[in-house]
Amino acid sequence: MRRFSYNSSARCCSSISSARRRRCSFSARRRSPLSSARRRRASSDVAASNIAMVSASAASSHASFSVVSGLTSNSGGGGDGGGGDMKLSVVLLFSLVAVQAALLGAPSAKASGLKVGYYNKKCRGVEDVVKGHIIRAIKKNPRVGAALVGLVFHDCFVRGCDGSVLLDKSAQNPNPEKDAKANIGLAAFDILETIKANIEKKCPGVVSCSDILVYAARDATKILSKGHINYDVPAGRLDGLVSSASQADKELPDSTFTAQQLIKSFALKNFDVEELVILSGAHSIGMAHCSSFKGRLAAPADQITPAYRNLLNYKCDQSANPPVVNNVRDEDYTTVAKYMPGFKSRVRKTRDLFDNSYYHNNLARIVSFNSDWQLLTHTEARGHVHEYADNGTLWNEDFAASMVKLSMLSMPAGSKGGIRKKCSIVSY
Ligand code: HEM
């Protein structure tokens, strides 16, 4: 759905449509982090999720779907019935829900049952417990924050947010998502396991690992953005049973993708071009292995600034496939002074500040992935890159909304789930 026709050269707020002008003048940070355009989109998601809530309550809510040895199927297929009329009306309701949700373009009607404050009564204070752990973990090792933001994307994009990326290899499953090529560099598993163990002591069998990950990524985002990206996130997810490396490699976008491939990959998860651009802004933080951008090192000068390419080449020569920071301002001062002296003043003492610098870097051709640069080759995407470079507050708001949407991606219909005892093993 195009909300406005974007003229990529129109970077000035005064020369644009009224919808965008509203976006440009949006400045106050709000608890409900939606710009006017994204609010419109989210309202259809909420509508879909409301419809889903109706369907879920018709089937006596997801918690009482057919429970088999502690596992819950979210297929909704196990209602104990009542009369034939009742069955018929439930079937009709589900059909209606499916049609309406499809029309609304909802992430999935199966996001039913997720709600902000889900654990308020079930395990009071759980969000504060997660937050406390994340604050301490980032203080101890600032790398943890970016790792959690990357991790939630890799969890939610494959089989929905079900903690499938957290599962270890086992005799039953020798190739879990963790082993996928696309999952190189994922980290922060240990901190999630520690949080889970603490929460299990407080409320055994109540809080899912997938919810802990979503909360942890939200808190990391807030901390790294110095409070500017601030959102409430619904919870009530179940942990999945399935985790497949080949599915992760198939469904996660690759850093060598073209703009069209990226758009297709995101569209399959119901994200539009703008949301692709918004979420890609996460590459203002964190690190990447040289193997993830080696193809870029041979790209022409109009795609990657030669001084930046030299810096990356130097970094990658230091050891076998080392990780390098995504944002050159997080690089060590001496290296920047040598390769990009004009950039020296931007080097920061505190790494991983989460802001819209990704869009400035992209326009200056100092981003590491081909997939990042590719956004400039697509007219609408390039327009949004300019838009978010020009308006950091708008990006904060829209990033928050897109993260909420990402975190609502649900397991495939009919999948079973439960509350794991440990995040790394299927244990109920
Ligand atoms: C648009 C498609 C995307 C592609 C092709 C992509 C690709 C990558 C790659 C290749 C890495 C480095 C992996 C490594 O070599 O260690 C990476 C890192 C990262 N990505 Fe993405 N990504 C995409 C979208 C996203 C999204 C949507 C998010 C979050 C909302 C995200 C957050 C991150 C973060 C935070 C890191 C750094 C992780 C760390 O430092 O541990 N990425 N991404």
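Each position is counted from 1, following the chain as shown.
Glycine is no exception: its Cβ is also placed from the backbone N, Cα and C atoms.
According to TrEMBL, the protein has these features:
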- 113-427: domain 'Plant heme peroxidase family profile' (DOMAIN)
- Cys123-Cys203: disulfide bond (DISULFID)
- His154: active site, proton acceptor (ACT_SITE)
- Asp155, Val158, Gly160, Asp162, Ser164, Glu177: Ca(2+) 1 binding site (BINDING)
- Cys156-Cys161: disulfide bond (DISULFID)
- Cys209-Cys423: disulfide bond (DISULFID)
- Pro253: substrate binding site (BINDING)
- His283: heme b binding site (BINDING)
- Cys290-Cys316: disulfide bond (DISULFID)
- Asp332, Thr350, Asp355: Ca(2+) 2 binding site (BINDING)
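Of the listed binding-site residues Asp155, Asp162, Asp355, the Cβ environment within 10 Å is emptiest of other Cβ atoms at Asp355. The CA atom of Thr350 (Ca(2+) 2 binding site) is located 32 Å away from the CA atom of Asp162 (Ca(2+) 1 binding site). When the recorded positions Cys156, Val158, Cys161, Pro253, Asp332, Thr350 are checked against ligand 1, Pro253 have a Cβ within less than 6 Å of one of its atoms. Taking the Cβ of Cys209 (disulfide bond) as reference, residues of its chain lying under 8 Å away and at least six apart in sequence are, in sequence order, Gly163, Leu166, Leu192, Lys196, Asp239, Arg420, Cys423.
According to its DSSP assignment, Glu177 (Ca(2+) 1 binding site) is helical.
Highlighted in sequence order, His154, Cys156, Phe157, Arg159, Cys161, Gly163, Val165, Ser210, Gly240, Ser243, Ala248, Met411 have their Cβ within 8 Å of the centre of the Cβ atoms of Asp155, Val158, Gly160, Asp162, Ser164, Glu177, the residues recorded for Ca(2+) 1, and are not part of that set.
Across the structure, Asp162 (Ca(2+) 1 binding site) and Cys123 (disulfide bond) are spaced 19 Å apart at their Cα atoms.
Along the domain 'Plant heme peroxidase family profile' (113-427), the predicted structure has mean pLDDT 97. Here is what falls inside 10 Å of the CA of Asp155 (Ca(2+) 1 binding site) among the recorded positions Cys161, Asp332, Asp355: Cys161. Shown in sequence order, Ser164, Val165, Glu177, Gln247, Ala248, Glu251, Leu252 are the residues of the chain, 6+ apart in sequence, with a C-beta less than 8 angstroms from the C-beta of Val158 (Ca(2+) 1 binding site). Closest to the residue listed as 'heme b binding site' by Cα-Cα distance, out of the recorded positions Gly160, Cys161, Cys203, Pro253, Asp332, is Pro253. Each of the disulfide-bonded residues Cys161, Cys290 was scored by the number of other CB atoms within 10 A of its CB, and the lowest score belongs to Cys290.
Of all the recorded positions in the record (His154, Gly160, Pro253, Asp332, Asp355), the one with the smallest CA separation from Cys123 (disulfide bond) is Gly160. Counting every protein chain shown, the Cβ of Asp332 (Ca(2+) 2 binding site) has 11 other Cβ atoms within 10 Å. Cys290 (disulfide bond) sits 17 Å from Asp332 (Ca(2+) 2 binding site), taking the Cα positions as reference.
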